[in-house]
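Visitor: Pasting in a structure now, in structure tokens, and then I'll have a few things to ask.
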Amino acid sequence: MLGLWLLSVLWTPAVAPGPPLPHVKQYEVVWPRRLAASRSRRALPSHWGQYPESLSYALGTSGHVFTLHLRKNRDLLGSSYTETYSAANGSEVTEQLQEQDHCLYQGHVEGYEGSAASISTCAGLRGFFRVGSTVHLIEPLDADEEGQHAMYQAKHLQQKAGTCGVKDTNLNDLGPRALEIYRAQPRNWLIPRETRYVELYVVADSQEFQKLGSREAVRQRVLEVVNHVDKLYQELSFRVVLVGLEIWNKDKFYISRYANVTLENFLSWREQNLQGQHPHDNVQLITGVDFIGSTVGLAKVSALCSRHSGAVNQDHSKNSIGVASTMAHELGHNLGMSHDEDIPGCYCPEPREGGGCIMTESIGSKFPRIFSRCSKIDLESFVTKPQTGCLTNVPDVNRFVGGPVCGNLFVEHGEQCDCGTPQDCQNPCCNATTCQLVKGAECASGTCCHECKVKPAGEVCRLSKDKCDLEEFCDGRKPTCPEDAFQQNGTPCPGGYCFDGSCPTLAQQCRDLWGPGARVAADSCYTFSIPPGCNGRMYSGRINRCGALYCEGGQKPLERSFCTFSSNHGVCHALGTGSNIDTFELVLQGTKCEEGKVCMDGSCQDLRVYRSENCSAKCNNHGVCNHKRECHCHKGWAPPNCVQRLADVSDEQAASTSLPVSVVVVLVILVAAMVIVAGIVIYRKAPRQIQRRSVAPKPISGLSNPLFYTRDSSLPAKNRPPDPSETVSTNQPPRPIVKPKRPPPAPPGAVSSSPLPVPVYAPKIPNQFRPDPPTKPLPELKPKQVKPTFAPPTPPVKPGTGGTVPGATQGAGEPKVALKVPIQKR
């Protein structure tokens, strides 16, 4: 706090002393100060470039000092990120950049709960940060990160008042909008959703290139835009990852000032040139062309994961946050969101004066920053559709540009969880500093994770949405719900047959395209075909319900061409696929055309085309076949063939997992017992080993007589006679030795010359084999010269009669005294 106070005292920024900015009404000049910070725990090595993993800046304004804590958005660029541009000779170049560094950061403002920041640091600081309901923008006045910067609120930004070109009548896939806010929420609304991902491909046209002046400037602009869009969608558990960028200095299709024409041309170009060439989920055009009227963007509704997944965006603001807000809005349409104004009773917690919500129809001087509750309900309804599977494809997190980083909300190599930065993390199961589970936790996220524990097997984690969907159950081992599965193709459903998780019918397709009052046209309409341009009609003589889709009633869609003609039984309407009528909407694949038949490749074919007959027979009446022709077991039964109950499988798994533990326990007990037994044996043998080392060994020949060895004998210790200075045991009977032919040396005068009587054992000593006498005469024994301070050697005892045993240990200068050996019974 003292540091911040000092900064506020030292910094007294002047108001608008710099050069005038044509796009800003008023601003303050600030000098950001980069704060010293310790290197991130998992910061990348220096070869990754000049932009560190985390940064902190202090921004002093009139009356406030804001401290921004930023972390590099390492997930901004996907592993397959490419850039395509035109070379000087006109040839097209595509580069897949490796170890691509960038300067895009996200973060928060210290001391402000719920704050957010999206900043570029390439040439000074450029971006925004939000404190409460106020959005602050910052841009450099020179290229120094600590030089002069213009800082202003969003309300002071001068820009074109923009609107979205999407009209309510174009919300074909969403049905009627009236009172939708009161409709029942999806059944799985309360089930936590896992993170979904939009792999984004961006195209910048020639007008945008000319406007910004260089390829690098366009690239930096696009990265700033996507970085901001990603930040906005994190609120909805979505991540936006840029996988491709094209920069044109010459347009590849006609870009009209009419947004709808440009959108149709753009999507046609995508289908012909981009689809299948570079994997992506959504494509966005950023154009420098000024669209007619107030329109700044247009998109297809509920089109993500389809061939219509895309939008066009006019770069209408000097600040990149402007076009980013437009792109976030149009991407919302692709994700099934409608305008907040089109839903009666829709509530946005942010007032319009403060920017409103992202899906408001018009963009004012303040940029929106949150989604309304209506948008969240629309999104939840859209993602439950089976055709949105592309959103669940997790990008290869181990190949993100920049490598794994703790705190980016992606669980990467070496991490058990990732709940964001320590300031943002609200997950009690995850340590945000280490990205490891807290002690005692089994999981931190996932629909099969509850209070840090994996849910038991058999609990529902994803409800079925309709007759063509299947509910999924937790397996008791993983915190994530199994892959979304649905009924096998050809399963009967209301009015038709299931196909890829949906139940396509002619009636539903007419309502989707022409509104709730539409219905299927008479059969006579389906006996005609329409040539391109709706120039007449051709009678085929037979009914074909698998060609062009003919409807009647409903509302005529705006900005869509259509063809109308009369038949014997009514009016036939055919809807064009775009603003022209060269092609028409066709009946969808899998639509029921006759009893037991479906549309496939433009013709009415038997259900056997699905090759799914008798598939469920292998599921033992406890499950059905899914779209992968695998058994999807009923609740309580275990895959793969639904023969065993989950409880039995769990018991077997528990037994199999406990078997190694029991084996280890038994081994530990056995080892412990062996150690104890070995200890007892060693303990009992220890005195004997000491005694053996203390007494003379049993002689095997006359040469073993200890008197024949000098003190420097090289015999091993266990065969060497006892040293006179060693302690000799008195607890064992004397062992017989060979009787020497010469008398022992005379003892010192202090000791009596008459030997002490030696007791005889009462029991008979066992027969012992006497060693043979030496074959050669023994050498003359010379007595050793002993210093007065040492005791003389003990005289030997006759074998077989028992004898004296040397006394206890003698001290220096103390004579040895023969002791009586205690009588022991054998």
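Residue numbering: from 1, along the chain as shown.
Cβ atoms are placed via backbone N, Cα and C, with glycine included.
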Visitor: Quick one: which of CYS390, CYS406, CYS417, CYS419 does Swiss-Prot link to CYS305 by a disulfide?
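Guide: So the cysteine that Swiss-Prot bonds to CYS305 would be CYS390.
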Visitor: Would you mind telling me which one of ASN431, ASN489 Swiss-Prot calls N-linked glycosylation site?
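Guide: Looking at Swiss-Prot, the N-linked glycosylation site feature maps to ASN431.
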Visitor: Check for me: which candidate out of CYS348, CYS357, CYS374 does Swiss-Prot give as the disulfide partner of CYS346?
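Guide: That would be CYS374, the partner Swiss-Prot lists for CYS346.
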Visitor: Which number gives the other C-beta atoms within 10 angstroms of the C-beta of CYS390 (disulfide bond), all protein chains shown included?
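Guide: Neighbour count, Cβ to Cβ under the 10 Å cut-off: 18.
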Visitor: Can you tell me how far the Cα of CYS563 (disulfide bond) sits from the Cα of CYS374 (disulfide bond), in Å?
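Guide: Given the Cα positions, CYS563 (disulfide bond) is 35 Å from CYS374 (disulfide bond).
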Visitor: Please classify the secondary structure at CYS481 (disulfide bond) using three-state DSSP.
Guide: coil
Visitor: To the nearest Å, how far is the Cα of CYS305 (disulfide bond) from the Cα of CYS631 (disulfide bond)?
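Guide: CYS305 (disulfide bond) to CYS631 (disulfide bond), Cα-Cα distance: 27 Å.
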Visitor: Cα-Cα, whole number of Å: CYS461 (disulfide bond) versus CYS357 (disulfide bond)?
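Guide: Per the Cα atoms, CYS461 (disulfide bond) and CYS357 (disulfide bond) stand 31 Å apart.
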Visitor: Where does the mean pLDDT land for the topological domain 'Extracellular' (17-658)?
Guide: 81
Visitor: Provide the three-state secondary structure of CYS615 (disulfide bond) computed with DSSP.
Guide: helix
